[in-house]
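**Student:** Would you mind keeping the following structure in view while I ask a few things?
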């Protein structure tokens, strides 16, 4: 098994290919990418043996922007016999001997064509899991060092990649997609973007510390209040900045102040530091990056989540340009952590999280 299979949103295969090639090169690993546009996944094949496993350990999954999942796979299994699809899969795993495996995922790429296989995948999972357990696998705990999950990626009927992922360095979700329910009282579906971002960037055991009733936040471009809703739900008092109307249900909470201003000109009251800044404005990504950079360098907020709307072409290049802008925070003596992700609820955009850790 000397390939990586990485899942993504259909249409972003080239961006993911560029990203994984760069990340591998930074670790001194080289290879080539096989991709089909609109397929929802890419294959990165390493030139040297065992390098795919090395990448799966050393590339921090949380630092991959366009990947929903990252697994090590072998050669594509084609034309699985309908009478016995399991034996060829077991044969591939026998070369691995996955003793420290804990879970099984039988998945497809996130495309309409591939998702037609999901009913089959669900039915196939049970007998395959039983066969794997008979081999002595799938008996480990997630907490065991270097424990893995086994992943089968069906790309079309009778055709799959067999692989695994390290539990400490992967998405915990089936197909790499968190299943979130739209809150009936939320003002807009955009609320799911911020909810997924918080789930992605903030450890669950830190959420109450990072979001609570003693905190204040700012939502730039808040109308009608989808992102404000997520902050208010977690107890924050929010300055909702927008010329447009904010949902009456948010006003009724008593936890917001509607500031009818331009988000690019707004400054925090009395220039006091806010705990949170969130922003989902439709604007050029570089202009948004410059705006967020201003807030961070002026000390107007400690933590921020914002969206960057991507251009139609050279999207990966634009992301690199925008994120490189935040290097100036280091020049200002600020220590920070930055993560960016193309979330499931994002479309032609990525979501970025930055937290200021202190000063040098």
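Positions of Cβ are set from backbone N, Cα and C atoms, glycine also.
Annotations per Swiss-Prot:
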- 309: active site, proton acceptor (ACT_SITE)
- 190, 223, 224, 225, 226, 242, 262, 280: S-adenosyl-L-methionine binding site (BINDING)
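So that I understand the layout, could you describe where these features sit and how close they are to other parts?
**Tutor:** Sequence-distant neighbours of residue 309 (active site, proton acceptor): residues of the same chain at least 6 apart with a C-beta under 8 Å from its C-beta are 282, 283, 284, 285, 288, 348, 349. Secondary structure at residue 309 (active site, proton acceptor), as computed by DSSP, is strand.
Residue 223 (S-adenosyl-L-methionine binding site) falls within neither a helix nor a strand when secondary structure is assigned with DSSP, and so counts as coil. Residue 223 (S-adenosyl-L-methionine binding site): 18 other CB atoms within 10 A of its CB, across all protein chains.
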**Student:** Give me the count of other Cβ atoms within 10 A of the Cβ belonging to residue 226 (S-adenosyl-L-methionine binding site).
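**Tutor:** Result for residue 226 (S-adenosyl-L-methionine binding site): 23 other Cβ atoms within 10 Å.
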